[in-house]
Amino acid sequence: MTTPAAPAPALGGARAYVVWIAAVTAYAIAVLQRTTMGVAGLEATERFGASATIVSTFVVLQLAVYALSQIPAGLLLDRYGSRVTLVAGALLMGTGQLLMAQTETVGVAMAARIVLGAGDALTFSSAIRLVPAWFPAQRVPVLTQLTGIFGQVGQIASAVPFVAVLSMAGWGTAFTSAASVSAIGALLALLVVRATPPGIPRPRVRQDLTKIPLVLARIVRHPSTQLGFFTHFTAGFTGIAFSMMWGYPYLTAGEGLSRPAASAVMTVLVVVAVVGGPLIGALTQRHPLRRSTLVLLIVATIVVPLLALVLWPGPAPLWLLLVLVSGFSIGGPGSSIGFDFPRTDLARHRLGTATGVVIMGGFIGGLTAILLIGVVLDLLRPDGDYDLEAFRLAFAVQLPLLGIGVAGMLVSRRTLRRRMAAQGREVPPWRDVWRSGRWRRL
């Protein structure tokens with residue numbers, strides 16, 4: 001007589017939400033650390049006596065380390081689980097901010113941003129990996145969006161309280177305070193986060209080191225990974241460049257807004273994402289075959305106001321600035337759709353690595369845009385006296401990058417749909433959807 005198998009543990013209970021909230025908090029703290037240089041760019045030029053190109057290199061270096069560390073971070077996540085990687089990431093970011101608080105030399109500041117970028121690389125993928133581990137599949141798209149959205153509270157923290165401390169108490173106190181917040185995040189992850197619910201063993205990946213390149217190649221070559229990469233690249237990089245480096249200087253030095261007004265505009269990045277993100281998550285869940293079309297529509301909300309800003313004669317009206325920032329903001333939840341492509345096509349124990357590849361997309365685009373904008377500003381205004389005309393010409397370099405991203409999406413989507421068709425999963429053409437009346441349910 002055989003003993004009946006024990007029922008599988010229920011997913012999505014109260015403890016799942018406690019773990020998720022702890023992970024989201026750790027991610028929000030990471031966003032705070034990530035974006036501090038974006039609101040301290042002008043102070044950094046004074047503290048280090050450096051040009052815009054050098055100061056932008058701080059952020060470019062940080063983002064480069066972040067992007068290039070995604071695959072190693074994914075491998076570590078697959079092997080050790082979210083708890084270990086969240087704690088390690090928070091400790092590294094705190095160390096980087098302490099170094100930043102103490103130094104007045106460019107070399108040490110660059111080292112600090114490298115350490116911070118490495119810690120940041122461990123955080124977001126660890127947080128979203130917990131969602132499919134702790135919740136049923138039908139909740140995953142919305143909760144993935146909410147993870148990214150609520151994490152952006154850290155951006156408000158850098159735009160408002162961090163700026164206030166920076167203005168009133170100075171550089172050292174501001175960055176030391178940021179480091180202490182990272183210590184709190186590490187403690188929270190250590191005490192609360194677990195990789196899987198009780199009763200569900202965590203998949204143990206014992207990868208032969210000699211086979212890692214082959215495994216990586218398979219993951220990267222998969223069209224769902226490529227579509228996720230270009231989705232994150234195209235929808236995400238403008239918001240990254242704006243929030244992490246050039247948004248605040250553009251609003252203050254270019255458009256002439258006061259610090260409080262610029263901070264208020266920067267918070268729109270979070271507010272619009274909070275409103276639009278759940279809707280995007282719900283649409284992704286309801287219409288999985290139209291996810292890429294949704295992303296392309298979101299990209300249009302970025303391209304149109306950016307083009308209008310570049311061509312606008314004179315200072316931009318406030319409504320145009322708000323529309324522009326709203327487009328950048330909604331691109332954040334749009335870029336998170338990129339994680340859904342590998343989630344539905346790849347093995348679960350490879351999602352950490354695939355997620356890392358997807359994350360690389362937005363941040364490779366972001367660091368490229370940050371560097372190019374800085375170079376154009378220095379070419380146009382070598383004296384560092386940046387004005388509105390210089391900022392607008394510099395921001396125009398993002399338009400070709402958006403074109404490259406859209407092309408990558410279209411090519412990888414075609415490849416993925418061919419593979420789906422070979423597996424018997426057809427995506428009906430829009431003309432058939434329209435004729436059948438199914439468009440009314442979209």
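Including glycine, each Cβ sits where the backbone N, Cα and C put it.
Annotated features, as they stand in TrEMBL:
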TRANSMEM  12-30  transmembrane segment
DOMAIN    19-415  domain 'Major facilitator superfamily (MFS) profile'
TRANSMEM  50-68  transmembrane segment
TRANSMEM  80-100  transmembrane segment
TRANSMEM  106-128  transmembrane segment
TRANSMEM  177-196  transmembrane segment
TRANSMEM  227-248  transmembrane segment
TRANSMEM  260-282  transmembrane segment
TRANSMEM  294-312  transmembrane segment
TRANSMEM  318-339  transmembrane segment
TRANSMEM  351-373  transmembrane segment
TRANSMEM  393-411  transmembrane segment
Contact ranking winner - 12-30, 106-128, 260-282, 318-339, 351-373 against the transmembrane segment (50-68), Cβ under 8 Å: 106-128
Recorded stretch that, among 80-100, 177-196, 294-312, 393-411, has the most CB pairs under 8 Å to the transmembrane segment (318-339): 294-312
Closest-packing stretch to the transmembrane segment (80-100), where packing means Cβ pairs under 8 Å, from 12-30, 177-196, 227-248, 351-373: 177-196
Proximity verdict for the transmembrane segment (177-196) and the transmembrane segment (12-30), three or more C-beta pairs under 8 Å: yes
Integer mean pLDDT for the domain 'Major facilitator superfamily (MFS) profile' (19-415): 88
Contact yes or no, the transmembrane segment (351-373) and the transmembrane segment (260-282), 3+ Cβ pairs under 8 Å, gap 6+: no
Listed stretch, out of 106-128, 227-248, 294-312, 393-411, that has the most CB pairs under 8 angstroms to the transmembrane segment (260-282): 227-248
Contact set, same chain, for the transmembrane segment (106-128): CB under 8 Å, 6 or more residues outside the stretch: 23-24, 26-27, 30, 33-34, 37, 44, 48, 50, 54, 57-59, 61-67, 69-70, 72-74, 76-77, 82, 85-86, 88-97, 99-100, 144, 147-148, 151, 182, 339, 352, 355-356, 359
